């Protein structure tokens, strides 16, 4: 959505006037905001800032209605141009907001931004039922995420304990739409307790479901099950430039293969298949990417045709074999039927015509193929296939076909002009009637006739032979040796008959090169240019010079030297708490010896990021096929991959190893930032920053909290079993306030206890203040402000003061406004009060344990409101050298000279030059009233000397002032 900032421009304004002022221009505008309902910061701030001269004033609108900041019990306030919503309430404050910035030159409206309230409830506390599944069958574990907003959640599953996350592969898949866990084929290793983790990145919160027990049931025979699509993507609409993901997953045994295709074209080049085929990612989608996408799952237990019969016409008396081949597990049995009956035959007759069926069957299903066989007989005829003129290359070979329609098969004879032909060292009559001539010369030119005869009749057809010059390559390609990234040129030129067209066809290892589709690496105008050659471009290049009648070929070898290929068979041989030993097989060196290997690892905490592994020895030589990876974390699941390098660079990585978890160990990392104190009376609150999961080093991780009074030798210890815990509260009714304690925390797991943290000194909670402030007094400053003061309480017993004030009779104490002051303050200013109102005010001390008793209540009446109507300026006239005015300032400047008068006019000096603004307002003890303005222009005499002229400004006060 595009927003248009509308600017109201003052009359006669131009760029040259920026020296005296300009309208607001936004530098910061509000943005879409999601406020977590459980946020500890009980406010929302929406930013708005504009550059303007004179400075802008700000207003805000919610749902196209102006916000009244002076309304009673309003949660809204302005900080500069920013809107602050204190103690936001979903029912009142969710909606669309915009900011308005204005000055004398006009008003601009910001883009609209919404405020929404985000939440992620806890999963239902109801116990999840066990799921019993036969081994070999598929299983679906339902996540059933709790109510939440916004809609986007990410899902992971854990097995038995945190943080053992379920790895995703061809057999297991987690839908990021429903959160459900799909297992295509259950086996005994899947037994355990599963929990769904739902995470909202918008409000930085995750919740865990209750555990779902999965119980695989053993089967005597491992039954096969056909692929069953369980995860299907809905129709999807996207904006141009967005990234979208389509999901698809199937259950079945064997584990199905997932394949994607676009029904109305090729998959777009910006596609990527991930998660073993379950996710199709389309990056930066464009209009041409729209269409119908199909996901297909195959595990091929059913019979499937590899070759089957088709409708056929055959000659009477000819030999014919029908063939049917089917695949499947187990291998299908093949049966034949004719006209619905079981059939077999030894020779082909008219009676063999009919409908034939081929049946393939195994225990998973039956497959049929149908075809018609027609047996016929006729005299030879060349009506549909007469002989024509044939071109042949000199010194080459030519075949003149003779293909009459005839049944049974005829006998063939040939003549050239008037000469009858027979087989010789150069001339051959094939069984099918074709005539072959070797080492063709000009003398072979002439008219050739084919004669065909069977028991039904005979026929003949005549064509001609024309001999042309043969094609010869006179510039052949030569062998080349280059580095990856360089260019290579393969030459090729040929001599040929000038009456024929010639084309050059290049192939690499007998595969024809399509120069048009691979123009990034190939270009050809006879010769072949190989651009930015890669390892895959090495091999035998063949140039074929092709004319309509013959061709000539020459070949050359291209060697491309480059970084090594990927090592193979990488696997973990043994492991300890912090080390694993890897073994691999050498890959191709690509014509340059391997000089070294490097290893990378990836764990559950680094996401998709691969990191460089430390090894022993630090440098892995090029002749090595094992290495030890060191400095790993205990009890952490890792994947590893290996790279080979030579003088030309580093090659592609190997396939990752299967995931392997290092052995567990005693924790070595202690919690940090030990602190605490405060809280409720008779409590000791101890806090710390939890240990990160990669430092758990084992199962059953938790904390041991030790504390003792400062003058005590005995440590008291408690165990906290939650690895995510951040605090412990010790309650003791006999605990004196502000007792000094030493505290420390350490981690433990199933292998043992780790080291203690540094010892910190904290204090138990205070008692709430017991004394009320005295000497409380105050006065009204204006219609909306008052000033109060009091005598201080002892600073060591309080953290600050709270002042409450509310209108007597009109408001209850429950709706009172509050102001806080530090424990060193003895006065404060109250604002936001209503004019001409009686207020009750009290002050009390507070600390972390609570609020103390209030002072005696003070009653203050605010002053009357200032006049709301501006004076009316009814005229001006020259009078000596003075002008009647109240505030006198140059236009575009905020500061000026202030004058006061009790009369209805005032005399001031007339300016020499420039434009000035006169502001007039009435003043009472309640403050300044509304403003009336008038502009005046200075006057110069000739030669720049001030003229002795003056201006009298006459004011009419239309206000009924009760001063």
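Keep in mind that glycine also has a Cβ here, set from the backbone N, Cα and C atoms.
Heads up, TrEMBL stuff is auto-annotated, nobody curated it.
Annotation source TrEMBL lists domain 'Ig-like' at 24-116, 121-208, 226-299, 303-374, 380-466, 471-559. According to TrEMBL, the feature domain 'Fibronectin type-III' maps to 566-665, 670-767, 772-865. Under the heading region 'Disordered', TrEMBL lists 812-833. Annotation comment: TrEMBL describes 815-833 as compositional bias 'Polar residues'.
Sequence-remote contacts of a segment are chain residues at least 6 beyond its ends whose Cβ falls under 8 Å from one of its Cβ atoms, and for the region 'Disordered' (812-833) they are 70, 72-73, 781, 783-793, 795, 798-806, 839-841, 845, 862. Most Cβ pairs within less than 8 Å of the domain 'Fibronectin type-III' (670-767), among stretches 24-116, 121-208, 226-299, 303-374, 471-559, belong to 121-208. Across the domain 'Fibronectin type-III' (566-665), the prediction's mean pLDDT works out to 93. For the domain 'Ig-like' (226-299), the number of residues in each DSSP class (helix H, G, I; strand E, B; coil) is 6 helix, 36 strand, 32 coil. Secondary structure by DSSP for the region 'Disordered' (812-833): 3 helix, 10 strand, 9 coil.
Mapped onto DSSP helix, strand and coil, the domain 'Fibronectin type-III' (670-767) counts 3 helix, 49 strand, 46 coil.
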